[in-house]
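Student: Submitted below is the structure of interest, expressed as structure tokens.
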């Protein structure tokens, strides 16, 4: 096998399986063997297979020299069970393989496993995606699973007969299906129930109430958002007072269709598009509450966190299952090897984990190609679990605070931190002297990532202040705000002022947010997300300091927090995401899209309409190559995200706000807004089916129908041993009696054939029950057998004696 890195991404175990089985079939030597005075060609013994596969796994970089011989035997047993190999007589399916001279061979079929394919139509419509699961949600799951031919077919027929019998007996109730009247309250309760059960099924949660309170679901909003839409799927408001102002719609249309909507007859000037964008941004940033509302903040954030960092053990059921990426070290105890009943778990447990290589690879993703700096950073990453404080650099290019600073000791804050707003713990305000203007003081308690030029000097900071000190002028203003606008993102004008050094720097610090409530099924808390954002500082061109000479220096800010999924499984420090990576894992992207699609239906219609129009505008602007630059140093996409993240997602108590997640959510909405903000047709069909079930009179009480709205199915009832013995005898006797009756009443059999068949069986009790008297038996055999006449007795003639 070629030495290469372990496969990444989804279906990791399947890739390893295909790689190992292919190499084993290609490289395993075959020859003739003799067994029991018989020769077999193209086969191998178990010892030969174990030796060859053992050397293969130890020499492969994916598994390494730590693989034991017992693990190799167990993998070969999986080969035998999955028909990769078979014994010399063609038997397979069990794990009866030992370290002996038993002969095996390769079957003609391929052992490769197919990957689950995602068709392109899935991304275009949700109807096809839920084609298999729409009806499955309202059915018991074991009906869709494969059952054995003998038992499953018998049970299904039995259930069908019982259901048909119940329908016949209740025929009178179903003659007039429209007699059952449904009130508006019942319809609303059905909408609430259906959307919550779909959301619970998509996320594979035992209870959706962990994320969403049923009282927060307003059915009127859902029904309005589903029914009142344009041909493009945008909500149409009946009350125009809640709609966007006309001048805002015109401005958004101007930028969305730039430059087509820009009439050449109208006089424009340089920077016209910037002023239009500033007008739109000011309107959305001055809204009384974010578009996703305050009450749904935890719902949207938790969906991203759950979809991005959930493990296999947490998702034991559902329409989407995830393979866990094992991070624990190998266990060589032979008693624990028997616990690998899954082939995937066995393959993943054999993976070779080189910690130094993992840390080096993660460092390369965070740093440039500076080998010496990578080694220093890798050593610092090992101290992640030993440090309990972290700090991050200031975002000097936008007004939003993207820093996630965790302080285990509140007394560590220095006295020069002044309170600003409720969402910020303080602002570092220090007088600037000549020595401080020549250097920036950086300190991080967990990861200190920086790029050092030859002309840049670093000054160490005291350990008592685990914060970045980005110095500002004495006359630098620190505006105090009130309300939702107080911590909104800076507009284009504010960002230009930063670039013109009207504001040289700000230090915004706050505590990390608690994302998820404690889960009763995990007995652990999901604390914080793991993320990183890369920032570029503003360096003054007219400065005579050493920092001014190195104007191209890039200072990276690492915003890192951890998610504790369980006490036994912690992600390593090297598994942070870079700023260009998505918060969600690729195989969970579809889960997040469909979950967010349902969550956006819960929004009030005015908010949903504004969100739809805003996402359409910023998506077109970020993809428009003809759009002039709205900012000299920030790209259009980054500017859209930084500007509108606060007006899309924000929490009421801003201490708990995680701005990085808000930015990631806006970025995710921009990329998938067409799918997320479209109307799911399967939801309407499910509600209609549910209401039709209630109308047919299957539910007498509306309350009972809403609690148990699904039809019940019959299953095998457990019986006692005595009843089983009685049924065994009665069933057998009934079958024999039926056979006797078929023979008796058969018109195709002759009397001779009937007698022959009856003589083959010997059940006198059943026969006597069928023919209690001889008359009844004679009626069956009416043709009496002919008795052969005795031969004529010829008298022998007397032989007269010759003697006289």
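Cβ atoms are placed via backbone N, Cα and C, with glycine included.
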Student: According to Swiss-Prot, which stretch among 691-725, 726-760 corresponds to the feature coiled coil?
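Tutor: Residues 726-760 are the ones Swiss-Prot records as coiled coil.
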Student: Among 536-591, 592-647, find the range that Swiss-Prot records as region 'Interaction with ZNF224'.
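Tutor: The range carrying the region 'Interaction with ZNF224' annotation in Swiss-Prot is 592-647.
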Student: Using DSSP, how many residues of the domain 'DEP' (24-108) fall into helix, strand and coil, respectively?
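Tutor: Secondary-structure composition of the domain 'DEP' (24-108): 31 helix, 16 strand, 38 coil.
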Student: I'd like to know the mean pLDDT over the domain 'Rho-GAP' (282-322).
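Tutor: Taking every residue in the domain 'Rho-GAP' (282-322) and averaging pLDDT yields 68.
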